[in-house]
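A.B. asks: Dumping the structure here so I can ask a few things about it.
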Amino acid sequence: MKKFKYTVLKFYENILLILEMGVALFLIVLIVINLFELFSHLEFNQSIKVTFQNLQMYLGLCMNLIICTEFIRMVYTHTMQAVLEALIFAIARGVIVGRPTGKQTLFYIAAIFLLMFMRKYLLYELNAEKRISRYIKRMAYHFYSLRGKRFRRKYPLRNTDLYLKRNSLFRQMGSRKTK
């Protein structure tokens, strides 16, 4: 029974993956069509005068293309960072292309600030590899170097979790080679 459930779940995962890739491919086709539309609207006048409406139309088309590419990345990667970036671009499009009032602009900016704050400080998987403070590194280095000496004397040939964690920490820090 467990094997049947496992195969059914794998089948559903594969079907969903195929559907997601189909949606991504469809969006890529729409982006290419939208690129042709963008270039077909370009007009070269003798006076090289671009009106505000034309500029706003071009910005709208370009922002739609950017949002579509971010949406494809969001569908493909399945990460919260991609979702937040797609939301940030969508809100930025509303500020740039739309004609918001003063209150709406303030709300848009507050929403972008909140999303940027969430992306920077609340995404653990993004921050785990990049931002380990020096104080924590030094403390961990000191702790593992003391524990490692005693540990190696007691169990010289054993590969246990502590030994592997200590080695991986030293490799990440790049400051000390271990045996």
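Note that Cβ sites are derived from N, Cα and C of the backbone, with glycine treated the same way.
Bear in mind that the values here come from a model prediction, so they are computed numbers and not experimental data.
According to TrEMBL, the transmembrane segment annotation covers 12-36, 56-75, 82-99, 105-124.
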A.B. asks: What residues in the same chain, six or more past the boundaries of the transmembrane segment (56-75), come closer than 8 Å to it by Cβ-Cβ distance?
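C.D. replies: For the transmembrane segment (56-75), the nonlocal Cβ contacts are 20, 23-24, 27-28, 30-31, 34-35, 37-38, 41, 82-83, 85-86, 89-90, 92-93, 96-97.
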A.B. asks: Six or more residues beyond either end and a Cβ under 8 Å away: which residues meet both conditions relative to the transmembrane segment (12-36)?
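C.D. replies: Counting only partners 6 or more residues beyond its ends, the transmembrane segment (12-36) has Cβ contacts under 8 Å with 61, 64-65, 68-69, 71-72, 75-76.
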A.B. asks: What residues in the same chain, six or more past the boundaries of the transmembrane segment (105-124), come closer than 8 Å to it by Cβ-Cβ distance?
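C.D. replies: 80-81, 84-85, 87-88, 91-92, 94-95.
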A.B. asks: Against which stretches of its own chain does the transmembrane segment (82-99) lie, if we need a Cβ under 8 Å and a gap of at least six residues from its ends?
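C.D. replies: Apart from its flanks, the transmembrane segment (82-99) reaches 56, 59-60, 63-64, 66-67, 70-71, 73-74, 105, 108-109, 111-112, 115-116, 118-119, 123.
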